[in-house]
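The transmembrane segment annotation in TrEMBL covers 25-47, 97-114, 120-141, 179-204, 237-267, 313-332, 412-434, 441-459, 471-490.
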Amino acid sequence: MRGDPYSKMAETTAEHHRHRHHHHLVLKSAICSRLLLLALIVFFRTLLSPYDTSAALNPPCLSTPNATLSSPLQNAVVWDSVYFLRIVQCGYEYEQSFAFLPLLPLSLSLVSFLPTQTPLFVISAYLINNLAFVLAALYFYRLSLTLLKDPDTALRATLLFCFNPASVFYSSIYSESLYALLCFGGMYHFVCGRNNLAVLFFALSGCARSNGVLNAGYLCFHTMHRSYHALFRQKRLLLALQIIFVGALRTACIFAPFLAFQAYGYYNMCVGRSHDEIRPWCKARIPLLYSYIQSHYWGVGFLRYFRLKQLPNFLLASPILSLALCSIVHYAKSRPQNFFSLGFLAPMEEKSCGVVFSSGDLSRSKEADSVGKSSSVRVEEHLNLRRRKNVIKGDFATVPTESESAEAWPGYLSASVLPFVLHLGFMACTAFLVMHVQVATRFLSASPPLYWFAAYIMAYPTKYYRWGYVIWAYSIAYIFLGSLLFSNFYPFT
């Protein structure tokens, strides 16, 4: 029996107003969090003297040795911000400066009409990064809403992102804000079926941070499922080859900007040099400048950071790594069949109702353009279904079995979240085994499953409410600790 159309219309209107209210709340929270961080940075910088005062020493550019570079706000620039502003002023002069990818310097060049030696330029750099963070938060909410299909959980996850433990980097002249904006934007357009636009966002994210190229994994995951379905379900070899070719082309487009920057570094550092001047990496079979810089100047490498003296840094990174481990393990234990089969053994009805990661939607080229428009309708239908079935009663013990209907699965445990969980697992292993482990806090801060899982367990106040307090306490503590240490040139992450 069909319901009352007026009741449905009223419910749709109520949901629409609810989404608008959440968008406004996300916008306010993102802006307030940035204002809070900037206030803390100014306060702690005024309160204490910086540990390293060498940032104020800004020698002339190699191309203009007689010019003097100085700024009244140079003391407000710390750590990697020094490199980024130096690149804007002088370009890529030294080998180690190529570790800092060009998107942020190019973005700062948008205000090049302002003299780079004036306080106004430094203030504009801060404004650009903080504006990028606000836009990233809005994209993250849309992504969370589309995948989780639960406005409350999406809002809770977004608020956690707005006050994440690495917040101080998102309010400084660092590439984290631009990377998060492009990363979340690419993910959102991807799950809405706008693959070409997603490729553009992902490619640009690889110009902000080197790990942006790993976003190609989402395209590879989708291509793998679609080609499998075409070859083994539909028995269409040509279609499978076409899907693989298109997927490979899109993946190449994501890698292209990063590789082009490596070629630019090779041209600057290797071409036209004498035999005595040429650097060792120029003679390598694959002359990759970025990996050489990370290894030679920063000592990055497999297990190279496993030293007793680095124990404090492992402790500093332990909260974010523990949260990542718990989110991955919980997904794997709740959905072992789906996790260990990489989604190939997920129930067919769940694949058919997935947002994008479905192996049964190969003929939806026309439908893909309308996925974004119908996402709100899907959210409403899913919420109504959850209200009727009331599958979750506040305990993980009531989570449905692997063989149950797709609609019974809560948002974080849906098949659509699997590629994000796998991506987080790879990133966490890289941070723990290869990188300077303390960087994990900001390296993983743009990984959506961290916030989705945290918001997910916070939805169970009768059993897991203490973990919600722990997560919020951890975030707040690192916001204050980061603002204190980072702004005064003390090691943080």
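Backbone N, Cα and C define each Cβ position, glycine as well.
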(message) Using a cut-off of under 8 Å between C-beta atoms, tell me which stretch among 97-114, 120-141, 313-332, 471-490 contacts the transmembrane segment (441-459) the most.
(response) 313-332
(request) Decide whether the stretches the transmembrane segment (471-490) and the transmembrane segment (25-47) have at least 3 CB pairs under 8 angstroms, with pairs required to be 6 or more apart in sequence. (result) yes
(message) Taking contact to mean 3 or more CB pairs closer than 8 A (sequence separation of 6 or more), are the transmembrane segment (97-114) and the transmembrane segment (25-47) in contact?
(response) no
(message) Please identify the stretch among 120-141, 179-204, 313-332 with the greatest number of Cβ pairs below 8 Å relative to the transmembrane segment (237-267).
(response) 179-204
